[in-house]
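Take a look at the structure set out below.
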Amino acid sequence: MNRESFAAGERLVSPAYMRQGCEARRSHEHLIRLLLEKGKCPEDGWDESTLELFLHELAIMDSNNFLGNCGVGEREGRVASALVARRHYRFIHGIGRSGDISAVQPKAAGSSLLNKITNSLVLDIIKLAGVHTVTNCFVVPMATGMSLTLCFLTLRHKRPKAKYIIWPRIDQKSCFKSMITAGFEPVVIENVLEGDELRTDLKAVEAKVQELGPDYVLCVHSTTSCFAPRVPDRLEELAVICANYGIPHIVNNAYGVQSSKCMHLIQQGARVGRIDAFVQSLDKNFMVPVGGAIIAGFNDSFIQEISKMYPGRASASPTLDVLITLLSLGSNGYKKLLKERKEMFSYLSNQLKKLSEAYNERVLHTPHNPISLAMTLKTLDKHYDKAVTQLGSMLFTRQVSGARVVPLGSLQTVSGYTFRGFMSHTNNYPCAYLNAASAIGMKTQDVDLFIKRLDKCLKTVGKEQNKESDVSGVDNYDKTEDVDIEEMALKIDNVLLGTCQDSS
């Protein structure tokens, strides 16, 4: 209610009570005003009542929520289900216009304001996370792979001769397919093994630039966040190569916002050389549903070009999700999550090290990877072929998600390209291994339960060393922990084991 409404209410309720209610509302409005004035994430998170007031105030500015609105066009924000309308807080028009995803919509002032303020908050968080000189960014309603494709398509107009993208190998299908979908030919640069780590082969990158000719190279497509034993690319050196040869540089920073090391690499790369854009996922870094990403960069005009390349309007759902999340957390809340993630990485590393030693294995030494860890599976691998993949299926059926078991010698064809040793980021890694990652939001109890279940699975597989497909020894598994799934797990283990072998 506005001042006139409160004054009118004084005829019905004591003026003292009405003034108290007016002051309470002003405290909410003060937070909203500060947000709009500063365009930065508030230090302390908002309560739900302030958030809902803010969203309601924005939503009623959209034409579909006008009282007496008369819509006679083909896109008037009509929604058949009231449940769907409530799910989206009645933001129905989406964001952007047909020519620019960041443009203001005349029919949707509230949605447009929501989009602008979200982009501003996300920019503030990227700076807080370590990329201090970033100049512009926007939320796009596509996951990381398609967002990378959008960047490559934007570069196509600037580099008409280019047909190749130089790509230090990272065994993740979507980032590889992002180049194929954009119509370019990936030039795969194999990594070099340094100790346990797989690192960027800088000499091979530069040699390939010279061989192909800089004008025919669209960009270098590098990666920060990745599964161990691969570690983030040597971004500073790659950025210098790109600057020297006048080649654009696009960075896949999928879940790197949560890592100060990954963000520092991007900041340093931009300082000493060239980074045109870096792309990060919303769900992996901000704990929202899958479906959105952030495209950011250091050249304001280039980021605007990318936003104008997006055809048509876009869904506002990812924008709304991350706005609600950041306002709920506040910058202090997000910094706390980043701090806890680092602590969980150390805890996971220590616990995995203790477990690995008990089974004559070891945690691979990958100090340049700040998120992912890998534990060798040499003992299993030397006993019989199916042991490694059996372990993976056992973990999965016991509700351990996210852990990856990587056997030796897997072949995988992606968009017509065949990779040897797929998932290990190289043709011939010295051993099979298991991955686990410490990502934002992970808790101590997650680590403890993972270690406990991994321990029991390793014991079970160890007892079956001489039986290729019989996993009856799992009867010793503690059924009080997973009563509802144990009987199903016994059956599924063998099915998944056969599937894994067929796919490899």
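Cβ atoms here come from the backbone N, Cα and C positions, even for glycine.
Where the annotation comes from TrEMBL, it is an automatic prediction and has not been curated.
TrEMBL lists ARG75 with the feature pyridoxal 5'-phosphate binding site. A sphere of 10 angstroms centred on the C-beta of ARG75 (pyridoxal 5'-phosphate binding site) encloses 12 other C-beta atoms.
Proximity of GLN105 (substrate binding site) to non-local residues of its own chain (separation of 6 or more, Cβ distance below 8 Å) is seen for HIS93, ILE95, GLY96, ARG97, SER111, SER112, ARG313, given in sequence order. What TrEMBL lists as substrate binding site is ARG97, SER98, GLN105, ARG313.
Marked as tRNA binding site by TrEMBL: ARG271, ARG398, LYS463. Every protein chain shown contributes to the tally, and the Cβ of ARG398 (tRNA binding site) ends up with 20 other Cβ atoms within 10 Å.
Just so you know, the Cβ of LYS284 (N6-(pyridoxal phosphate)lysine) picks up 23 other Cβ atoms within 10 Å once every protein chain is counted. Among the features that TrEMBL reports, N6-(pyridoxal phosphate)lysine is placed at LYS284.
Of all Cβ atoms in the protein chains displayed, 18 besides its own lie within 10 Å of the Cβ of ARG97 (substrate binding site). Across the structure, LYS463 (tRNA binding site) and LYS284 (N6-(pyridoxal phosphate)lysine) are spaced 37 Å apart at their Cα atoms. With respect to ARG398 (tRNA binding site), the closest of these recorded positions in Cα terms is LYS284, chosen from ARG75, SER98, LYS284. For LYS463 (tRNA binding site), other Cβ atoms within 10 Å of its Cβ number 14. Among the binding-site residues ARG271, ARG313, the residue whose Cβ has the fewest other Cβ atoms within 10 Å is ARG271. Summarising the environment of SER98 (substrate binding site), the number of other Cβ atoms within 10 Å of its Cβ, over all protein chains shown, is 10.
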